[in-house]
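Taken from Swiss-Prot as is:
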- Leu116, Gly120, His121, Leu122: (6S)-5,6,7,8-tetrahydrofolate binding site (BINDING)
- Lys225: N6-(pyridoxal phosphate)lysine (MOD_RES)
- His224: site 'Plays an important role in substrate specificity' (SITE)
Amino acid sequence: MTLKDYDLELFNAIQREDNRQKEHIELIASENFVSDAVLEAQGSILTNKYAEGYPNKRYYGGCEFVDQVEILAQDRLKQIFNAKFVNVQPHSGSQANAAVYQALLSPGDRVLGMDLNAGGHLTHGYKLSFSGHYYEAHAYGVSRFDERIDYEEVLKIAIEVKPKMIIAGASAYPRVIDFKKFREIADTVGAYLFVDMAHIAGLVACGLHPSPLPYADVVTSTTHKTLRGPRGGIILTNDASIAKKIDRAVFPGQQGGPLMHIIAAKAVAFKEALDPNFKVYQTQVIKNAKALSDTFKSLGYKLISDGTDNHLILVDVKSKLGITGRDAEDALYKANITINKNQLPFDQEKPMLTSGIRLGTPAMTTKGFKENEFIKVAQLIDEVLSNINNEEVINKVKKEVLKLMKDVK
């Protein structure tokens, strides 16, 4: 029996989401559209199989074929990032990060990560996250002068704090991160260097952002976002002793049975990332972000760090228009443009209001948008934000969005 026949209520909810994805311009930087092959693997009968443990070391019988699946994912991931040891089992990026903490630290140990307001992530030491609850978390930020990481300041804080682990990586930082400098800082204070490359993994895979692997003790990522795979996490290292600790921290430390259907989908995405066309795609992602950035600047908006090196931009809507990020998000959604409000460095607004918005290009680049389309998108966004209480203007923009979306993949 089909889902439609058995559960029409759920089927209709999925169909409505399908329509939303087809009719909205998707600019959330952490989202993307997976291939049909990834979807096929994710919806496969592998969801039926329990496989606690690792290939050739399972706690259940009948795992010979899921072993093949996981080994494929491991081998492809190693090839992409030139890593000696990988773990493809984490259910999410946050669980991958939690496994790193468990593997390398004890509760109460000091960590130094990027402040959430400056572009960091909840798992980098935020007080309401496990990372700030079980560990003594300290933070570095960005310079007030250029809104970029001030590595001298990071060093100064590290010397003062003496963390056991330093975390590099971000969820809202539009510039290249210098992992070599972070390695030097970590070595100065005798700390582990942990890099969370979730947002930039696809760029790193193609050599469009420096790789953290030569410098970090351990690296994590999500498999969605720029990697364009299923929702999930991965962990990579070149250190054999750390790899053993990581494996124990993932299973049985953080998780029980792995999601074999998701691991299969990861394997598909990793094969796609090894295809030469993937670099063409990632190159276009960056070109599109620069087109978006340049257009917003020409329209008089302040951009955090004055631009971008990667797949995202942070736009200050408060300084130009006097509106909050939430105002912007709500108005744009009425026009079928999906974005997220985002705190900016040194933001005076509350986290649920914010002074800015975060825009990313990966999803619509997958749909075939290039520079001209993103220039148009920036203009449409400006039209809405300059008229957030004008329903006539918003409806006009919505019609233009629907017209644009009719021509995409």
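Yeah, the Cβs are placed from backbone N, Cα and C, and that goes for glycine too.
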Long-range neighbours only, meaning 6 or more apart in sequence with Cβ under 8 Å: which ones does His224 (site 'Plays an important role in substrate specificity') have?
Ser30, Glu31, Asn32, Val34, Pro230, Arg231, Gly232
All-chain count of other Cβ atoms within 10 Å of Leu122 ((6S)-5,6,7,8-tetrahydrofolate binding site):
16
What whole-number Å value do you get for the CA-CA distance of Leu116 ((6S)-5,6,7,8-tetrahydrofolate binding site) and Lys225 (N6-(pyridoxal phosphate)lysine)?
19
Within its own chain, what residues at least 6 apart in sequence put their Cβ under 8 Å from the Cβ of the residue listed as 'N6-(pyridoxal phosphate)lysine', listed in sequence order?
Ala29, Ser30, Glu31, Asn32, Ala198, His199, Ala201, Gly202, Pro362
Residues within 8 Å of the Leu116, Gly120, His121, Leu122 Cβ centre (excluding the (6S)-5,6,7,8-tetrahydrofolate site residues themselves)
Gly113, Met114, Asp115, Thr123, His124, Gly125, Tyr126, Ser129, Ala170, Ser171
Should Lys225 (N6-(pyridoxal phosphate)lysine) be counted as helix, strand, or coil on the basis of DSSP?
helix
His121 ((6S)-5,6,7,8-tetrahydrofolate binding site) has how many other Cβ neighbours within 10 Å of its own Cβ?
23
For Gly120 ((6S)-5,6,7,8-tetrahydrofolate binding site), nearby residues of its own chain (Cβ under 8 Å, 6 or more apart in sequence):
Gly113, Met114, Tyr126, Ala139, Ile167, Gly169, Ala170, Ser171
Provide the three-state secondary structure of His121 ((6S)-5,6,7,8-tetrahydrofolate binding site) computed with DSSP.
coil
Surrounding CB atoms that lie within 10 Å of the CB of Leu116 ((6S)-5,6,7,8-tetrahydrofolate binding site), all protein chains
23
